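A.B. asks: Dropping the structure in here first, questions after.
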Amino acid sequence: MEISSKENTHFFSNNTILPVDQSSFKSESSASKEKQSCCGGIKIFLGALSFVYFAKALSGSYLKSTITQIERRFDIPSSLVGVIDGSFEIGNLLIIILVSYFGAKLHRPRIIGAGCLIMSAGTFLIAMPQFFMERYRYERFPSTINSTVSISPCLQDKSQTPLSALEKSQAKINAGCEKEAGSSMWIYVLLGNLLRGIGETPIQPLGITYIDDYAVEENAALYIGCVQTAAIIGPIFGFLLGSLCAKLYVDIGFVDLDSVTISPKDVQWVGAWWLGYLIAGVISILAGIPFWFLPKHLPKPGSRKDSSTSSEQSKFIIEENKDQRTSYQQQTKLAQMAKFLPSLKNLFGNPVFILYLCASIIQFNSLIGMVTYKPKYIEQQYGQTSSKTNFVIGLINIPAVAFGIFSGGLIMKKFRISVLGAAKLSLGSSFFGYLLLLSLFAMGCENSDVAGLTVSYHGTKPMTAYKQALFSECNSGCSCSKHDWDPICGEDGVTYASACLAGCRASNGTGKNTVFFNCSCVGSFESSQSSSAVVGPCQKGNECPKMFLYFLVISVITSYTLSVGGTPGYILLLR
């Protein structure tokens, strides 16, 4: 019996020692595998999310770059273009609260993937009117009806014009700035941008929280920084794409380009605005594909696990308890969703959050308007082409924003700024940034000399309303419309609203090579002899290129200053 008891003791000792060694070995190996799978999964999600941020930023910035092109193509006012641009935020606001709350309890990667598909559908819808509208027509008063008959822009001697050509020209005079029948198709652009806003909604709240949940705590800030960097790179390519498409004629691929008689410098030029939306839509589809194959949950890193869910304890949970736990979670999910309104009430009861929300509304109210109409402002104020404007914004302003965001994060880390310090830094950068913006009012060019608008036909400031001032003794014998804007530049350096209002009675050439002769209003206050004029407005004064350079320098400094407070403001929101 003693021998047998000793053997049993030895047997149990062996059996108790070996499993401990095996279990410890297994726990170490499983922990290392779990860590590898966690790191691999979160890095794949990080790469996919960065690409999505790049895609949505590219399409959004490309829309800003095509504002003037859409305005000319659909013949709509700037106020309506602002509504079209704001429809993105309207779509965002429709579902952002519901997506942010309920989306976190569902399959977040697939919701982001579905958002990408909706975003790409909206981007394609914006480009659709180009394939259903008539070809773009830009010559309002053509210089020749056929190869033998030449029409006088002044139309003084009506006997010189064939009846059909005269009736056609007179109908255009009476119609004035008549919109073409297909101009109402801007509604598709608005609906497409609205869809873009709906599809973009889940990307930021669900993507950032997914990273924050499953990334190692010390790496979370780095991962979010990578995503924000991709969001900054997107607008650079968006504006460069806008610059490239603005150089291409709107109906490229539909008409013979050799028959196009205007250049990108012409006021009637419309670039291939639709082409970039097709490219952006394809990129959005490609960006959404990886999210359909990512899991709903990733294994959390050990440093972020609860002691109650440690691997040592989870080993002893039997399958029955797992089933019970799963059923319990399903039962409580609806109860958690029912807490939506109380959670919203608690959030809006936070005074810091309310102040931050009000400050953000005021700030973005001004910044979005500035970014939307900045390309048009540069075109109109400094006489730059749409292509050059987009190129300058994409290559100069956007990198300054990226450098400012990076500098803000570097300042936060180096000086270990607290939450209160982050609020002060964000306030200071906004204050000095808006002071710099005020200085841009002094960087404008003087108004061009336009006969009947800024100067009279006698070289003095007009004292009457512009409708009456457009007509003078020199063009009194012409049948002109006061609504047309087909500017020409006279030899006297003054811009005239149209060749007819300049009193031109003869022309030579077609399109951009047209030269008008016997213009009774050109040089009428300098000499008694009539002069010639060419197509297009006169160039700005010699000081305008210098002022444009000053504008770019101040604009870059302003963009950097405002962006420095971006990272501290984001940290303030999270805390």
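Glycine is no exception: its Cβ is also placed from the backbone N, Cα and C atoms.
Automatic, uncurated: that is what TrEMBL annotation is.
Just lifted these from TrEMBL, have a look:
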DOMAIN    468-523  domain 'Kazal-like'
TRANSMEM  40-59  transmembrane segment
TRANSMEM  80-104  transmembrane segment
TRANSMEM  110-132  transmembrane segment
TRANSMEM  230-250  transmembrane segment
TRANSMEM  270-294  transmembrane segment
TRANSMEM  347-371  transmembrane segment
TRANSMEM  391-411  transmembrane segment
TRANSMEM  423-443  transmembrane segment
TRANSMEM  547-573  transmembrane segment
A.B. asks: Counting only residues 6+ away from its ends, which parts of the chain sit with a Cβ under 8 Å from the transmembrane segment (40-59)?
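C.D. replies: Here the qualifying positions are 109, 112, 116, 119, 123, 196, 200, 203, 207, 210-211, 214-215, 223, 226-235, 237-238, 241, 277, 280-281, 283-284, 286-288, 290-291, 294-295, 298-299.
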A.B. asks: Report, as numbers and ranges, every residue of the chain located at least six residues beyond the transmembrane segment (110-132) whose Cβ falls under 8 Å of a Cβ in that stretch; write 'none' if there are none.
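C.D. replies: Non-local partners: 49, 52, 55-56, 59, 63, 74, 99, 103, 182, 185-186, 188-189, 191-203, 206-207, 250, 273-275, 277-278, 280-282, 284-285, 287-292, 294, 296.
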A.B. asks: Express the predicted model's confidence over the domain 'Kazal-like' (468-523) as a mean pLDDT, rounded to an integer.
C.D. replies: 82
A.B. asks: Over the span of the domain 'Kazal-like' (468-523), count residues by DSSP class, listing helix, strand and coil in order.
C.D. replies: 8 helix, 15 strand, 33 coil
A.B. asks: With pairs restricted to those 6 or more apart in sequence, evaluate whether the transmembrane segment (547-573) and the transmembrane segment (391-411) have 3+ C-beta pairs under 8 Å.
C.D. replies: yes
A.B. asks: Could you tell me whether the transmembrane segment (80-104) and the transmembrane segment (391-411) are in contact, taking contact to mean 3+ Cβ pairs under 8 Å with a sequence separation of 6 or more?
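C.D. replies: Answer no: the transmembrane segment (391-411) and the transmembrane segment (80-104) share fewer than 3 Cβ pairs below 8 Å.
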